[in-house]
Amino acid sequence: MGRPGPAARTDLRARLPPGRGPGPLSPHADHAGPPVSSALRAAPAAGRPPRVDAFRAAPGGGRAGGRAVGALLRRDLAERRGLRLSFLLDLLFGFLNLLVFLFVSRVLMLAPTADFAGAGRYFDFVAVGIVFLLVIQAATVQVVARVAAEQRDGTLELLAAQPVPGWALAFGLVGYPFAFALLRAGIYLGLLAGFLGLHVDNADWPGVVVTLVLAALCALPFGVVLMGLAVVVGHGDPVARLLVVALSFLSGTYFPTAALPDVLHPLCAVLPTRVALDGLRHALTGGGWVGATPALAGTAAVLLPLSAWTFDRALGLARRRGVLTRG
């Protein structure tokens, strides 16, 4: 008998039971799918890192989405277990940056009418602003860099092919930067209080935690939308950096927003990052921070689903254009 031609081969594949043939991620498939990154393979020495199989849950529903978010978070944590030196160097760089502002604050001549949102001196004002800015940076620049790395490795196309909703991929990709930003902010506040003289005698620490978490949740939608831009267009990083600079000025990171031109004051008044930063400063000085909580929670409740929907639409557009993987 001769070798079966293409028609005979197609007939044999058609007789396979449903779900038993080579799937889209199988190495035996006819087409060459995207390369499987080492981040999605099981690492023998890292316990039980997530695998691609973790995403093969029933499509749709919050259960499958929650599984995908957890799997992506565990994967990122497993990847970064050996990056302790990088983390320590990052902390050292941030500490030296804060030290520079400490010395600068000692030679500044401040206007007597300057409003430092309850802070007794300029260094307390700017140090808390810098810590807050690191949270904003993680929620924007780092999440955009994360999705760009997924595109270069080919894993974004692999993840987008799984039967999970787009919002789960969005929140799964930002999960690690979100947790890392909160951890780093807490460490910096401890270093500031222990070594650089940040006044926290009257601090309301539960209020500090609540305000930091809500601030990060309000900043994440900007990062998720920029992730969608990076997936479709590929230029999310410079836009994210410009956004961080704009938010640092409009939120009062380095100076009170009253110093800005009057035309910008209405925008500063409604900006969630400005509200969050003022609330954080008040929480650290024992002032009233509770008033900012409903506004921040409401903003996060509206913007997070909207940004996730935007990212899902961006994934669909990138899939149709064939740009889920970039060199």
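Using the three backbone atoms N, Cα and C, a Cβ is placed for every residue, glycine included.
Whatever TrEMBL says is automated annotation, not expert-curated.
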Looking at the candidate ranges 106-124, 239-257, report the one that TrEMBL labels transmembrane segment.
239-257
Taking residues 6+ outside the transmembrane segment (239-257), which of them lie with a CB under 8 Å of any CB in it?
114-117, 125-126, 129-130, 132-133, 136-137, 140-141, 144, 219, 222-223, 226, 229, 264-265, 267-268, 271, 273-274, 276-278
Among 83-105, 208-232, 289-311, which stretch has the highest count of C-beta pairs below 8 Å with the transmembrane segment (125-145)?
208-232
